[in-house]
Amino acid sequence: MKKQPNSVRDVAVEILLQVEKNQAYSNLLLNSMIKKHKVNEKDIALLTEIVYGTLQRRETLDYFLAGFLKKAKKIEAWVQILLRISIYQMVYLDRIPERAIFFEAVEIAKKRGHKGIAAFVNGVLRSVQREGLPTFDDISDSVERLAIKTSHPSWLVDKWVKQFGYEETEKMCEVNLMPPSQTARVNQTKTTVDELFHDLTNKGIMVEHGDLSEDAIKGMKGNLALTEAFSKGLLTIQDESSMLVARALNPQEGEKVLDACAAPGGKSTHIAERMKGTGTVHSLDLHEHKVKLIKQQADRLQLENIIPEALDTRLAGNRFEKESFDRILVDAPCSGFGVIRRKPDIKYTKNQEDVLKLADLQHNILQAVAPLLKRDGVLVYSTCTIDKEENSDVVQTFLESHPEFVRDQASVKYLPEKLQPIFQNGEVQLLPHYFGTDGFYIACLRKKG
Ligand SMILES: C[S@@+](CC[C@H](N)C(=O)[O-])C[C@H]1O[C@@H](n2cnc3c(N)ncnc32)[C@H](O)[C@@H]1O
């Protein structure tokens, strides 16, 4: 019978093993394992830090370990993971004494394997302690060095260097290793930013104003999703970059809006809020189970102008009349390279083939919704990626085959001042180190009248 993990670090090994073997999502798995193993409050922070930190720095940790494993025969996946989490704690978590790290690693190795593996793990960790870590200066190729130092796949770093230059890529890769801030969008149909700010502060919750979006409040400690304000529908957890989308779309009261890829509903609810509960937002998503999430969010925020529906948007032409929407948002499925800080697994699971497939899907979704937009209507295309092939290239290809659409530079006035200088040709590419937001792309197009 499979032995159950019985310590925080053993649970961390289990989670990382499942992420690696089954390509499970780390955030979902972490939550379910915390529940399953009844991890106590005190240990949740450590578990989260070890899981995300080890995942974030996987390539670096393997580089550190490689020289010490040269003579070893094939190492089982769990042993490699156990060594990674141990080195991670030794190098990056200075509050944990090394003897505690070694002791735990040996106990886990005994439990999951046998005494021989425990001795091997102990030997490797003692050698690292004795001999120290290799330096990155030994890596002569600059792309390879950056990839290993910041733990990104080298094909991706190489691609980014070609797209953004070395310096920008370096800044971005470094920021990708930092924990993201938690921001919330204030539901302005029920309260104001200032009112909620004071309400939260009075309750002892540490918050700050957002860095970019006027709708945002930043949580400095604790989890805003666990506040009474969240349950009462006064706020929605959302990155500041995502909050710009509904602003760029600029929906008006009473209008009919299509959100073509809507789950879990972050942007649909923002659009619905900005329409003050009037008009209709048709919120489509391919997956029935995800459509339920849109409904849940709409209910929590008490928004009655959202109609969620499970539909492949590529077939939306069979479901809706031509030229029937005032505005359309395509917040497309994408590689997610802008949200690596939140979902480090993306670095290792997505590849160039995925990027090309996604670009094709994004193009097909745009093609399908284009006829549904009224003349003079606005179409916003957005993604949480930074990849040109999924962003500006998709928009450019779309425009080339749709002369009835033009880039809408006029939408710049709906965006924050700080962003305006980089909103050009109706589009903006946010990189995570610009304003501390997710990496995000927004393009505004208009159908000619
Ligand atoms: C980036 S997410 C949308 C996030 C959402 N706009 C929000 O702000 O919460 C992209 C969504 O597109 C959905 N999707 C993928 N392919 C689709 C298709 N062919 N038709 C409709 N939805 C699709 C995915 O299920 C996913 O929920």
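The backbone N, Cα and C atoms fix where each Cβ goes, and this holds for glycine too.
If you check TrEMBL, you get these features:
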{"type": "ACT_SITE", "residues": "C384", "note": "active site, nucleophile"}
{"type": "BINDING", "residues": "C261, A262, A263, P264, G265, G266, K267, D285, D312, D331", "note": "S-adenosyl-L-methionine binding site"}
{"type": "DOMAIN", "residues": "172-448", "note": "domain 'SAM-dependent MTase RsmB/NOP-type'"}
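Feature annotations (TrEMBL) mapped to structure.
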| residue | record | Cβ within 10 Å |
| --- | --- | --- |
| C261 | S-adenosyl-L-methionine binding site | 24 |
| A263 | S-adenosyl-L-methionine binding site | 24 |
| G265 | S-adenosyl-L-methionine binding site | 29 |
| K267 | S-adenosyl-L-methionine binding site | 25 |
| D312 | S-adenosyl-L-methionine binding site | 15 |
| C384 | active site, nucleophile | 24 |
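Taking CA atoms as the reference points, K267 (S-adenosyl-L-methionine binding site) and C384 (active site, nucleophile) are 13 Å apart. Per-residue pLDDT, averaged over the domain 'SAM-dependent MTase RsmB/NOP-type' (172-448), rounds to 96. Comparing C261 (S-adenosyl-L-methionine binding site) with C384 (active site, nucleophile), their Cα atoms are 13 Å apart once rounded.
Those residues noted as binding S-adenosyl-L-methionine (C261, A262, A263, P264, G265, G266, K267, D285, D312, D331) have their most widely separated CA atoms at a distance of 19 Å. Relative to C384 (active site, nucleophile), the binding-site residues A263, G265, D312 all have Cα atoms farther than 10 Å away.
K267 (S-adenosyl-L-methionine binding site) falls within a helix when secondary structure is assigned with DSSP. DSSP assigns D312 (S-adenosyl-L-methionine binding site) to coil in the three-state reduction, placing it in neither a helix nor a strand.
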